[in-house]
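Peer 1: Pasting the feature list from TrEMBL:
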type	residues	note
DOMAIN	259-362	domain 'Calx-beta'
DOMAIN	377-476	domain 'Calx-beta'
TRANSMEM	53-73	transmembrane segment
TRANSMEM	85-108	transmembrane segment
TRANSMEM	114-134	transmembrane segment
TRANSMEM	545-564	transmembrane segment
TRANSMEM	576-603	transmembrane segment
TRANSMEM	648-667	transmembrane segment
TRANSMEM	679-698	transmembrane segment
TRANSMEM	718-737	transmembrane segment
Amino acid sequence: ILPFWKYCPQVWNDTVANLSLMALGTSAPEILLSVIEIVGNNMESGELGPGTIVGSAAFNLLFISAICIYCIPDGEIRRIASVKVFAVTAFSCIFAYVWLAIVLLAISPNVIEVWEAVLTFVFFPLLILIAYAADKNFFLKRFLKKRQEEQDVVGIQMNDKINRPGGEVTRLHSFQDKSVDEEMALLAKELGRQDLSPEEAANLLSHRIASEVPHSRGWYRINAIRNMTGGRKLLPPINDTTQSLYGHMAKPEEKTESDVVTVKTDPSQGGKKAVVQFTAASVAVMENEGKVRLGIKRTGLMNKPVSVKVETINGTAVAGEDYKAFEGTVEFKKNEALREIFIEIVDDFEWEPDEFFFVKLKVDADSGCVLGPISICEVTIINDDEPGTIQFSKPSYVVKETGLKALIPLVRLGGADGHISVKWQTKDITAIEGKDYSGKEGILEFDNQETTKNLIINLFESNKAERDESFQIELTETTGGATLGKISKTVVTIINDEEFNGLVNRILNMTKANLEALELHKTTYMQQFIEAMNVNGGQLATATFVDYILHFCSFFWKILFAFIPPAQYCGGWPAFFVSLAVIGLLTAIIGDLAGIFGCLIGLEDSITAITLVAMGTSMPDTFASKTAAMMEKTADNSVGNVNGSNSVNVFLGLGLPWLIAAIYHHVKGNPFIVPAGSLGFSVIIYTGTAVIAIAVLIGRRLMPSIGAELGGPKCSKIMCSIFFLTLWVLYVILSALQTKGIIDVKIG
């Protein structure tokens with residue numbers, strides 16, 4: 001069996017699961033409240049259950065949509081991908097409540113007949129069937145089949161599903177070209193070069209992989225509830241340091257050869273800091289020139305001014321005798337990339353051998369910049385005007401594969417006058433160009449007075465342990481009057497870094513352990529009780545003060561629900577039905593408490609239902625939808641499923657108890673009375689606001705300036721969110737005023 005982070009075997013169709021088991025699970029409090037209220041009221045209709053269903057629908061569509069629209073980062077959008085399914089559920093969401101109004105006000109006012117209850121309940125499986133047909137393109141099957149054949153000819157893949165024995169398997173979007181193990185190894189090596197402990201690196205890698213696995217709405221709801229109760233998070237926690245690195249981890253399929261090198265060796269930390277260094281590691285100057293020019297360059301962060309300190313250090317040349325000491329500060333203005341300094345050379349008219357001194361860069365800890373690799377420049381004072389000879393500093397070099405760059409120094413001897421260049425080329429020995437390193441040929445230039453330059457060869461990583469490999473670099477031709485020195489060839493040997501590989505293996509093992517701990521279907525009774533009795537599921541190192549408060553407030557309920565059979569037993573069915581039973585028990589208690597609370601503060605059951613109870617039952621969905629909106633690439637799991645859930649609430653939440661009560665009264669020979677009253681008015685108001693809300697979502701998608709249901713420009717986000725919240729407040733106020741009799745509208 002493949003681990004969940006590699007492949008997600010699809011047992012249920014997503015649409016069917018969302019409209020059946022998922023809707024039944026997430027809407028269980030509303031549905032069971034309606035059933036329990038009727039059964040406990042001698043098969044007579046109450047106001048709390050139906051009112052909660054309508055109020056919850058208004059809260060879901062208006063309030064949650066407002067939150068999801070606004071929470072998307074500025075400039076980003078989320079579109080509904082399953083448009084056909086959304087169209088079916090959007091129509092069903094409106095039709096369900098129009099049907100309620102027709103049944104309660106038109107066909108048989110204030111009475112629910114058996115056939116009406118049966119039809120209301122039958123709409124539930126009918127909705128699932130139609131949505132499934134839309135998801136499978138049943139209505140356009142012939143057209144889409146032809147289109148698929150045309151696209152197959154040119155190699156277009158329409159979806160991310162792979163046919164495998166045993167059913168469809170959805171493959172991770174980020175791991176399409178290479179195996180997951182290879183991608184994990186590459187990411188682990190990237191993190192191993194950062195200033196992180198193995199635990200922090202493993203948590204970050206686990207967070208990255210778990211975030212990119214396609215999740216269901218149930219996953220987001222579970223994660224939301226655990227956040228609300230101080231439980232174990234479904235995403236490994238990462239601190240502020242690792243959070244900053246998370247945003248700079250390029251996706252594997254988006255990395256190019258140059259990206260791999262620069263991302264992993266960039267001292268600017270992704271452009272967050274300025275990097276200051278000399279333009280050359282060494283320069284030479286004739287004694288009679290009077291001064292030497294040194295270039296200082298800045299890379300990385302450019303939009304802020306920075307400063308760097310410069311000082312000279314004696315070598316064989318002595319300050320005051322051979323050169324004038326220099327100590328000062330060089331200021332870089334905003335967006336300034338290059339500055340120059342000049343150091344005076346003393347011409348004493350006496351013969352001397354070549355002498356040298358050093359110039360060093362220093363930065364303060366709070367300067368906002370860091371030093372690059374060339375922070376010290378060697379200055380040689382010479383007595384000739386020759387362009388010099390070019391050669392390698394030694395005939396062989398050993399470099400580590402994990403360095404990703406081989407820096408091969410070339411030296412300029414016997415003179416440094418004028419601009420020269422040297423051509424080079426590589427030759428495979430055991431290392432292969434294009435596989436182990438990037439080279440072939442190139443030109444390296446020396447400016448006037450520069451005496452040392454590094455030839456940079458990019459190295460490629462291998463995910464497998466390999467023997468040491470070698471290649472040769474040869475200098476072939478010079479320009480500017482320079483000549484080749486004695487060491488014109490060198491051999492570069494690439495070796496494995498055993499210490500670094502050990503660190504990577506530790507990170508990988510810890511990552512796999514973290515990911516396996518997140519698998520919901522593999523928990524045991526022991527694990528359930530351990531997680532229930534500990535803050536943050538036992539992860540105390542990352543627990544916050546709020547987690548402790550929420551944990552102690554929900555401790556009793558955690559222990560109670562820990563008795564539910566683990567999901568790994570019998571395919572999860574015992575967990576499903578026992579959970580429903582416990583939810584039903586708690587719903588009965590909450591229903592009574594809500595009624596008592598309403599009496600204490602003078603609120604009718606219908607007002608309590610559309611406000612307090614509806615908000616309470618929908619609160620987990622609020623956080624789940626917000627998280628899904630921010631994490632997912634589409635809006636399906638955030639607002640796309642709201643319409644389907646609202647429809648199921650009516651067809652199942654009212655259809656089932658009405659069916660039970662209607663049959664009971666029919667057997668008794670009595671009509672099943674359901675006073676329209678405030679419920680009918682609430683249904684009418686909700687239907688009007690729902691039509692407006694869905695029209696706005698469609699309009700946002702069609703508008704070129706927005707182009708999606710969620711997100712978009714900041715101004716449009718704020719305006720739409722406020723508008724949706726206003727619709728919800730208007731719905732609550734009008735329904736409450738009608739219940740109080742302030743608005744005299746006779747319904748039924």
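Even glycines carry a Cβ here, placed using N, Cα and C.
So that I understand the layout, could you describe where these features sit and how close they are to other parts?
Peer 2: Summarised as a single figure, the pLDDT of the domain 'Calx-beta' (259-362) averages 83.
Through the fold, the transmembrane segment (53-73) approaches residues 27, 30-31, 34, 93, 97, 609-611, 613-615, 617-618, 621-622, 625-626, 629-630, 635, 638-639, 642-643, 645-646, 649-650, 653-654, 679, 682-683, 686, 689-690, 693-694, 697, 709-712, 717-718, 720-722, 724-725, 727-728, 731-732, 735 of its own chain, all at least 6 residues removed from its boundaries and within a Cβ separation under 8 Å.
Sequence-distant contacts of the transmembrane segment (114-134) (same chain, at least 6 residues past either end, Cβ-Cβ under 8 Å): 13, 15-16, 19-20, 84-85, 87-89, 92, 96, 99, 103, 107-108, 644, 647-648, 650-652, 654-656, 658-659, 661-663, 666, 672.
The list of residues near the transmembrane segment (679-698) in space but at least 6 beyond its ends in sequence, with Cβ under 8 angstroms from a Cβ of it, reads 47, 50-51, 54-55, 57-58, 61-62, 65, 90, 93-94, 97-98, 100-101, 104-105, 606, 610, 639, 643, 709, 720, 723-724, 727-728, 730-731, 734-735, 738, 745, 747-748.
Within its own chain, the transmembrane segment (718-737) is flanked in space by residues 55, 58-59, 62-63, 65-67, 69-70, 606-607, 610-611, 678, 681-682, 685-686, 689, 692-693, 696, 700, 743, which lie at least six positions past its ends and keep a Cβ under 8 Å from the stretch.
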Peer 1: Near the transmembrane segment (648-667), which residues from the same chain, at least 6 beyond its ends, have a CB less than 8 A from one of its CBs?
Peer 2: 19, 23-24, 27, 30-31, 34-35, 37-39, 43-45, 49-50, 53, 56-57, 96-97, 99-100, 112-114, 116-118, 120-124, 127, 674
Peer 1: Quickly jot the same-chain residues contacting the transmembrane segment (85-108) by Cβ under 8 Å, restricted to those at least six beyond its ends, or write none.
Peer 2: 15, 19, 54, 57, 61, 116, 120, 123, 127, 130-131, 134-135, 636, 640-644, 646-647, 650-651, 654, 674, 676, 679-680, 683-684, 686-687, 690-691, 694, 747-748
